[in-house]
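S.K.: From TrEMBL, here are the annotated features:
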COMPBIAS  1-16  compositional bias 'Polar residues'
COMPBIAS  27-54  compositional bias 'Basic and acidic residues'
COMPBIAS  55-65  compositional bias 'Acidic residues'
COMPBIAS  93-103  compositional bias 'Basic and acidic residues'
COMPBIAS  365-374  compositional bias 'Basic and acidic residues'
REGION    1-106  region 'Disordered'
REGION    360-379  region 'Disordered'
TRANSMEM  186-206  transmembrane segment
TRANSMEM  230-254  transmembrane segment
TRANSMEM  266-285  transmembrane segment
TRANSMEM  291-314  transmembrane segment
TRANSMEM  611-631  transmembrane segment
TRANSMEM  666-685  transmembrane segment
Amino acid sequence: MHSDQTSGIAQVTGSLGQDGIAVLDSGRQDLTEDGVRSHDFASRSRSESALHDEVDSDDSVEDYDDIRLDPDTLVANTMPSVDDSLRPAGKTGMKDDYRRRQSEPGLDLKSARKGIQIKLEKTDRKGRYVLTADDPEIREILRKGLEREEREAAGKRPRTRIRDLVFTRQFTTFDRQNPTSAESPFFGFFTLFWLAMVLIFVQTALNNWRAYGSILGDNQIAKLMFSRELLTLGITDGVICAATSEAYFLQLAISKGWINWAKSGWIIQNLWQTAYLGTILWWTWFRDWPWTHSVFIVLHALVFVMKQHSYAFYNGYLSGVYRRRALLERKLKQLDAIEPVSSPPSSPLGMPTFGARSASVDLGKPNEETDSTLKPRRPFVGNRTSTNLAIEKSDVASVASAIESGKPLDLDQLQAFRHVIQEEIAELSTQLSGKSQSPTSANVYPHNLRLGNFAEFICLPTLVYELEYPRQERINWWYVAEKTTATFGVLCVMQVISQAFIYPPVAKTVAMKEAGLTMAERWVEFPFIVSDMLFALLLEQLLTWYVIWECILNVLAEVTRFADRGFYGDWWNSVSWDQYARDWNRPVHNFLLRHVYHSSISTFHLSRHSATFVTFLLSALVHELVMAVMFKKVRGYLFAMQLLQMPLVSLSRTKLLKGRTILGNVIFWLGLFVGPSFLTSLYLIL
């Protein structure tokens, strides 16, 4: 057939002549997203039923409504019959170019190609042929298609792959080592803020000294924190830290083949995490600790739960990848043991033909089995953790099936099959290496399953496990001393502010309840309680954030030589609540992104909107859990307010607020200013 007759044809029909040359008629239909390549010249061979296999909606599928040609399938010097409007960028104007070249003197266009000869080989199924073309340009077309499909596949990993996160060398925004911080035009405001904190501390301390003879006043909060069971608190913290080693020993058992992660390993891990957190909650209730002790232990336990989960699920995934690679290595040895035949097999039915660059096309008319509405095309790669190649739909599975069939293979087929398996093994090896610099690194799975490696991860200021992280060459102990001093200094400021401005209104609400005031009588005092704690709680929130994410995490990072200090973004510039949720606590955000949001999509096949809701829901439940531990009652106020952020996020994307940066930032700060005091007053009054 001539190329001008086949451009834009999704299906052809015809008969096979005695000489093996096909006589074809075109039946123009809607083109696929990949144009001619995806059907007429499929860039990768598939089994005969592959075109009718279902794929997930999140996988790469073709849109049969788009008429867009594949630039690689336009052969040079063929008749330019395709309309310019249908040509991709860079291919337009070919008709004009053809006419211009016709008028050029001395140019004989009769020698230009008018068509490409192809051969069809019958199969056992009616209307199904194997198309081959011994033509260098067709081979080039198919080669380009193969390369592009491999590039696309590299950017669209299988759904079961663990979400990759990028760790880089960086400093926190307010760190003096950050050059952009020192050069910031707002550097003076940062200095002013801390100067104001020092002056507040001095003023309050002097007033307390004059009234009580102590800079801390009556010192009720300090007595609450340090007067009860400090030793028991420390022992409890040590026990819950040591108990995290369950994740390590479970993964060790999985790597030795005693437990299968995909079958029972993940169930054991989830049951353990539930029992772990439940036991700690019960222990805080049993000891009847003050809220300072209980909140500290519960928050620390939540950090350990997230670390265990990330360690277990990442290594559990790698255990499946490791088992699959071992299986493919055995298949490769089987393939190497096969002696090639001198000529190709006589019956190509069911045999992958990667080496011949052939493609399976349906030349029959539409029927009940192959209607005109083609189903989406599956990706050519399989599940990276699957070891059941018998039910898998992928190139590797097709090769494995051909090996097991015992059919004779020629040298070209053996080389093509070997290439397919070796590429898959190389990709699996890359995943097992993770961020490691070398495939022989000590941290390549399963060599990373060492108690020292696990203990190091527990100490690192990150909640997301990776095989390797960017590290510093040495520890700056002067920097450690600086941040440690800042930590205790900020804690002293927080102590004074809490004692002077937060404790009195809290004590007032407790006295009202003890006096037997009714709900209505207490509710009258509600706006005044909110007002009394507005500035104090805002300062406490800012200082708490600073002491954890700027001071403590930087100390941990320096001691462990952890180079990625991106613990937060510029959340103070947020114009919506989703931006704030992403930026104010990057370690937790990264954990939720990988292990909740993306896992919800890959495991439960949720849509992106549903996965976002699940992520917000889990976050809201955890925050409400902390409030229940603090106030020893469940009210759901914080839970409701956090879920309310979702419609507020949608509102920020409407015409009313979209693009209005200042208004969005004002609304954000109003919420952050009023929210803590409002919620705390609700828990205290009601």
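Backbone N, Cα and C define each Cβ position, glycine as well.
So where do these features actually land, and what's packed around them?
M.R.: Tertiary proximity for the transmembrane segment (186-206) is limited to same-chain residues at least six positions away from its ends with a CB under 8 Å from its CB atoms, namely 174, 215-216, 492-493, 496-497, 500, 539, 543.
Proximity of distant same-chain residues to the transmembrane segment (230-254), defined by a Cβ-Cβ separation under 8 Å and at least 6 residues beyond the stretch ends, is recorded for 260-261, 265, 268-269, 272, 276, 280, 283, 287, 289, 293, 296-297, 300-301, 304, 307-308, 311-312, 315-316, 319, 449, 451, 454, 458.
Cβ atoms under 8 Å from those of the transmembrane segment (611-631) belong to residues 281, 284, 291, 294-295, 298-299, 302, 581, 592, 596-598, 600-601, 637-639, 642-643, 645-646, 683-684 of the same chain, restricted to positions at least 6 beyond its ends.
Within the chain, the transmembrane segment (666-685) has long-range Cβ neighbours (under 8 A, six or more residues past its boundaries) at 505-506, 509-510, 522-523, 525-526, 529-531, 533-534, 537-538, 540-541, 574-577, 580, 627, 630-631, 633, 635, 637-638, 641, 657.
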S.K.: Using a Cβ cut-off of under 8 Å, list the residues of the same chain at least 6 residues beyond the transmembrane segment (266-285) that approach it.
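M.R.: Distant Cβ neighbours of the transmembrane segment (266-285) are 236, 240, 243, 246-247, 250, 259, 293-294, 297-298, 301-302, 304-305, 308-309, 312-313, 316, 625, 629.
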